[in-house]
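A.B. asks: In case it helps, Swiss-Prot gives these features for our protein:
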type: BINDING; residues: 8-15, 21-22, 60, 87-90, 98, 114-115, 183-184; note: substrate binding site
type: ACT_SITE; residues: 9; note: active site, tele-phosphohistidine intermediate
type: ACT_SITE; residues: 87; note: active site, proton donor/acceptor
type: SITE; residues: 182; note: site 'Transition state stabilizer'
């Protein structure tokens, strides 16, 4: 059976500080680096061999991908980076402490912004220091494509073309695939893979560790789903 392994990036410095991160390019914490290394070791123990890998354009996912491949002795595997695998854009919440945001806007409102499938958080100002509109890595994109805020619905809409153009064809071709990405971009793809409805995906959480494995038949029907080491 062909395998797809999702690894959410290890703990980031902003995860550690309980801040909304989104598209902010935050590095891994010491714990997160170790989680990525341990992910690679679990992959090696499981004997999973990859043909190609995909990740976002954010360093926490890129470093997780590189470390996981290195410690599974597969650092040579081709890696393609795409903004379509980025974390959900948290808009004006980016950089805010989650507890302080709850105090400012109310627990219920922040919960809706975080967990609702189709409610958008406040937009990020285009002159914000974390705005993608002035970030060189997105210079090739039309400005109308660059988000100022996203919910899970929008995250899936921008990740889905990459799934259909790159990931799914590789799986159909019998290739084992590694994806180093983010909690919400992985959740969005899991919703599509498992054909979950809008309510069912709200209860799905993706931990920083360990990696999540899907096995598929030739028609991309899920035949197995499990976390490595569990």
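Including glycine, each Cβ sits where the backbone N, Cα and C put it.
Keep in mind it's a predicted model, so treat the numbers as computed, not measured.
Buried or exposed, and what's around them? Tell me for each listed feature.
C.D. replies: Secondary structure at residue 11 (substrate binding site), as computed by DSSP, is coil. Using a 10 Å radius centred on the Cβ of residue 11 (substrate binding site) and all shown protein chains, the other Cβ atoms total 21.
Neighbour list (residue 87 (active site, proton donor/acceptor), Cβ cut-off 8 Å, at least 6 residues apart, same chain): 21, 22, 23, 56, 58, 181, 182, 183, 184, 185.
Its Cβ taken as reference, residue 182 (site 'Transition state stabilizer') is surrounded by 26 other Cβ atoms within 10 Å in the chains shown.
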A.B. asks: How many Å lie between the Cα of residue 88 (substrate binding site) and the Cα of residue 9 (active site, tele-phosphohistidine intermediate)?
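C.D. replies: Rounded to the nearest whole number, the Cα-Cα distance is 14 Å.
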A.B. asks: Test of understanding: give the count of other CB atoms lying within 10 angstroms of the CB of residue 8 (substrate binding site).
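C.D. replies: Neighbour count, Cβ to Cβ under the 10 Å cut-off: 29.
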A.B. asks: Tally every other Cβ atom lying within 10 Å of the Cβ atom of residue 22 (substrate binding site).
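C.D. replies: Excluding its own Cβ, the number within 10 Å is 26.
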A.B. asks: Which residues does residue 98 (substrate binding site) neighbour through Cβ under 8 Å, counting only same-chain ones at least six apart?
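C.D. replies: Listed in sequence order, they are 18, 19, 20, 110.
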A.B. asks: Might you list, by sequence position, any residue in that chain lying six or more from residue 14 (substrate binding site) with a Cβ less than 8 Å away from its Cβ?
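C.D. replies: The list for residue 14 (substrate binding site) reads 20, 21, 24, 26, 95, given in order along the sequence.
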